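Report on one structure; see the data block that follows.
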Amino acid sequence: MRDSSIRDLTTLAYIEIVQYKNNFIEALKHPYTAIKAIGSFLFPFILLLLIYTRKGGGAANILKEMIKPNLLAAIAMAILLLLLILTIKNSVTKYDPSQFISADVNYLFPSPISPRTIYAFTIIRKCIKGLVSSVLLIVVMAMAISKVSDIHISKLIYVIIAVLIFPLLRNALIFLTYTLSNRFNLGKLIKYCVYGFTGVIIVCLLYSVAGCKNILDTLVNTLNGRFFSNIPIAGWLRDALIAPFVPNKAPIVQTIALAIVTAAMLLGAIYFAAEYYEEAGDSVNYHEKILNTPSTNIYDIVDNLEDTKKNKSVEVFNTKEFTGPWGFIWKSSIINKRTAKKGSVFGYVIALIASVALCYVLRTKDFNSFYPLFILIFLQGAVTSAQISSPLKYELKKQYLFLLPGSAAEKLLALHTKQIVNSVKTDTLMLLPLMFFTKTSVLQVLLLWLIAVTSIVICYFSVVITVLITPPNDNGKNSMLSALVSYIMVAPAAATAAIIAIYLKNVMLALVMFVIISIVIIMIIMFLSDYLFSKIELR
């Protein structure tokens with residue numbers, strides 16, 4: 001049996017090597033395509049290097065402020081705990097593997113190769129594939145950080161080991177949790193343990209900050225304290241990830257313990273990996289359909305998956321409350337409830353953690369030195385959200401817009417109400433820490449919030465212009481043009497605010513003018529919406 005498994009693993013590895021060889025030969029035959037693929041892979045790393053190594057650059061200065069071992073350790077601990085808790089909680093009722101592809105389902109699953117061998121091979125394959133980009137990212141960030149702070153290059157090996165081990169550990173944890181929940185009926189017990197552990201963490205954090213004057217420093221010290229450092233897996237991973245930034249002894253013991261636990265969990269997962277084909281096949285088919293959808297629009301994705309995903313009852317608004325064009329609010333609510341509940345909560349938590357970390361860095365800075373950074377973050381977030389979640393193009397294909405009564409302005413507003421509200425929630429969570437942890441007045445935070453709201457509305461409403469100037473079936477290929485249109489629409493407000501801030505040295509007036517001009521732009525788009533919609537209808 002052991003010889004057979006080794007022989008099967010060798011065969012699978014040989015097939016994978018042959019596939020890479022064929023891809024290399026194909027790249028030699030089509031060098032332009034190969035250069036494009038390599039360029040698209042390397043571009044993010046080159047961009048990071050250029051941004052963070054430019055002397056005197058704002059990004060380099062922010063990076064310098066953030067490279068503090070205690071802050072990095074606290075952020076790493078918070079993110080790792082969140083990931084591990086959510087991984088265990090979500091795996092109790094659903095097995096959603098990430099290492100399988102459609103070729104595995106179509107060719108390996110029906111083959112006589114043992115399910116355990118296939119499971120072990122696919123996990124190792126995924127780990128090796130992700131190792132190249134992970135190591136490259138680590139090297140690039142190490143080069144950038146070395147420009148602004150001291151770093152122990154010899155300890156980068158611990159970061160690489162942690163990055164290599166974590167995907168193995170997470171995949172094994174997902175399968176073990178699902179197996180224990182369903183095969184041994186321990187789902188409720190695992191959930192209670194997760195809720196209890198989460199409650200202990202929350203109580204510990206609340207107790208530590210009760211009555212203290214500096215909440216952020218206290219939270220950082222608590223997350224770096226003995227209680228959190230002694231949490232298995234999360235504490236060991238944290239110590240390995242921040243090893244290059246601390247002069248302490250190298251985390252050899254923690255790394256060895258992490259490797260032993262990961263190996264034990266992986267062997268346990270392989271041992272129980274006998275009946276997973278059905279769940280893995282459904283998961284692969286679901287994700288393949290998302291990847292093959294010729295658009296990044298969430299409405300197109302939902303429409304493409306409507307036959308493969310069972311409908312579930314959700315509580316939404318009373319349909320009688322929304323008639324005519326406002327019925328789109330009800331429809332958006334249904335899609336949001338069915339597709340974005342878990343993702344949105346996770347996004348809100350990440351936004352809050354990122355904002356708290358940023359405010360910790362900026363806690364001694366003056367408002368005038370960092371408000372442009374928040375405006376840029378809000379603007380980029382608005383542009384990205386409008387591209388991904390605007391339902392306008394989808395509704396135009398379905399022709400519902402032209403069938404329902406009501407003005408074009410009402411339809412445009414109703415279509416995007418739910419998406420605008422979700423984006424505003426994220427930006428609001430990012431602004432809340434400013435009021436508590438930085439030298440920022442309520443009026444300044446309010447103006448930043450109004451800028452965020454108006455930018456979101458402009459970017460969503462400018463989608464109607466993008467639809468006019470792009471082909472009807474562009475399949476999401478003109479995302480750069482869509483982003484450019486959004487930037488152009490916001491440009492008058494941003495340019496006016498910049499001129500006032502630079503030449504008049506009046507930041508508050510600049511922010512007020514940004515809001516006023518943005519509102520005027522929104523009113524112009526609403527006023528012209530009937531004309532714009534008539535042009536779309538005639539296309």
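From the backbone N, Cα and C atoms, a Cβ is placed for every residue, glycine too.
Annotated features, as they stand in TrEMBL:
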type	residues	note
TRANSMEM	33-51	transmembrane segment
TRANSMEM	71-88	transmembrane segment
TRANSMEM	127-145	transmembrane segment
TRANSMEM	157-180	transmembrane segment
TRANSMEM	192-210	transmembrane segment
TRANSMEM	252-274	transmembrane segment
TRANSMEM	345-363	transmembrane segment
TRANSMEM	369-388	transmembrane segment
TRANSMEM	441-469	transmembrane segment
TRANSMEM	481-504	transmembrane segment
TRANSMEM	510-533	transmembrane segment
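When Cβ distances are compared across the two stretches, the transmembrane segment (157-180) makes no contact with the transmembrane segment (192-210), since fewer than 3 pairs at least 6 residues apart fall below 8 angstroms. In this chain, the transmembrane segment (345-363) touches the transmembrane segment (71-88); three or more CB pairs sit within less than 8 A of each other, excluding pairs fewer than 6 residues apart.
Long-range contacts of the transmembrane segment (481-504) within its own chain (CB-CB distance under 8 A, at least 6 residues past either end) are made by residues 375, 379, 382-383, 386-387, 454-455, 458-459, 462-463, 465-466, 469-470, 510-511, 513-515, 517-518, 521, 525.
Taking Cβ pairs closer than 8 Å, the transmembrane segment (345-363) reaches residues 62, 65-66, 71, 75, 78-79, 82, 86, 216, 219-220, 369-370, 425-426, 429-434, 436-439 in its own chain, all 6 or more past its ends.
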